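Here Swiss-Prot flags H191, H193, D204 as Zn(2+) binding site. Among the features that Swiss-Prot reports, domain 'MPN' is placed at 120-242, with the record citing sequence analysis. What Swiss-Prot records for 191-204 is motif 'JAMM motif', and it gives sequence analysis as the kind of evidence.
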Amino acid sequence: MSFSNQNYNVHTFIIMNQSIKFWPEQERPRERLLHSGPESLSDAELLAIFLRTGSKQHSAVELARLMIQHFGGLNPVFDASLQELSHFHGIGTTKYAHLMAVKELGRRYLNHYFHQDALNLNSSRLVLDYLRYELLGEKQEVFAVLCLDSELRKLNFKKLFYGSLNACNISINHTLRYALQQHACHIVIAHNHPFGKAEPSAADLDLTHQLYQACQLVEIKLLDHFIIAKDGTFSFAERALLSQKKCMHTDIDKPDLTGEDHHKKSCDRSP
């Protein structure tokens with residue numbers, strides 16, 4: 001390492017560990033946010049704005065960075081308990097209250113946005129954001145249906161089937177009855193993998209193809225099937241897997257909407 005690099009690293013270390021009020025103005029998170037927008041800040045810098053102050057050992061930014069590294073991300077920081085956060089010097093009841101208030105404000109903002117009347121979900125990104133909001137917090141596998149009108153506005157959303165950590169028993173007939181009751185022109189189905197990867201199983205592929213065929217028979221369009229997991233998402237439509245016959249069963253009879261056609265994907269139905 002050259003002497004100039006050593007000087008740079010020492011300078012950076014001193015800057016990061018002293019109080020933010022002594023930093024050059026262009027390096028302070030709050031000033032950078034006002035000048036360049038919040039998207040220009042790192043997770044640690046955004047978190048530092050809410051922490052406001054650090055500890056005797058660390059600036060607010062360095063404290064925020066240590067917290068994110070310890071918990072493995074920004075979301076786990078906000079999910080941590082007061083007892084867990086208080087292990088960090090400089091974090092007490094006041095800062096914990098600030099973080100919980102920010103988390104609750106964010107939750108209320110999203111809740112208001114996603115539950116407005118006739119929410120327009122006319123892009124796969126909007127649909128995916130909505131489904132992540134609804135399903136990411138679930139601790140067991142859940143199968144859900146999003147019903148849309150002809151202009152891709154939300155009619156209703158329901159978590160139809162609940163299962164164990166990694167399995168869920170799904171009725172195609174029950175799913176179609178619900179979509180017809182909502183007068184849906186389009187539907188998007190989704191399920192989560194609470195502790196697994198966002199990758200489809202053979203049963204997922206089989207279910208998707210059968211439901212795609214069944215929807216065609218009742219003139220409802222299945223737009224996509226999403227798998228939601230903490231490590232990412234999977235779209236059947238993006239992989240051209242909605243109608244492809246890469247499944248165990250490729251032909252189904254016209255659905256009996258009065259029967260109970262269960263598909264193995266093993267659980268209790270939601271009320």
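Please read every residue number as a count from 1 along the shown chain.
For all residues, glycine too, the Cβ spot is worked out from N, Cα and C.
All protein chains shown were included, and the count of other CB atoms within 10 Å of the CB of D204 (Zn(2+) binding site) stands at 19.
Secondary structure of the motif 'JAMM motif' (191-204) per DSSP, as helix, strand and coil residue counts: 3 helix, 3 strand, 8 coil. Looking only at other Cβ atoms within 10 Å, the busiest spot among the binding-site residues H191, H193 turns out to be H191. Helix, strand and coil residue tallies for the domain 'MPN' (120-242), in that order: 38 helix, 42 strand, 43 coil [DSSP].
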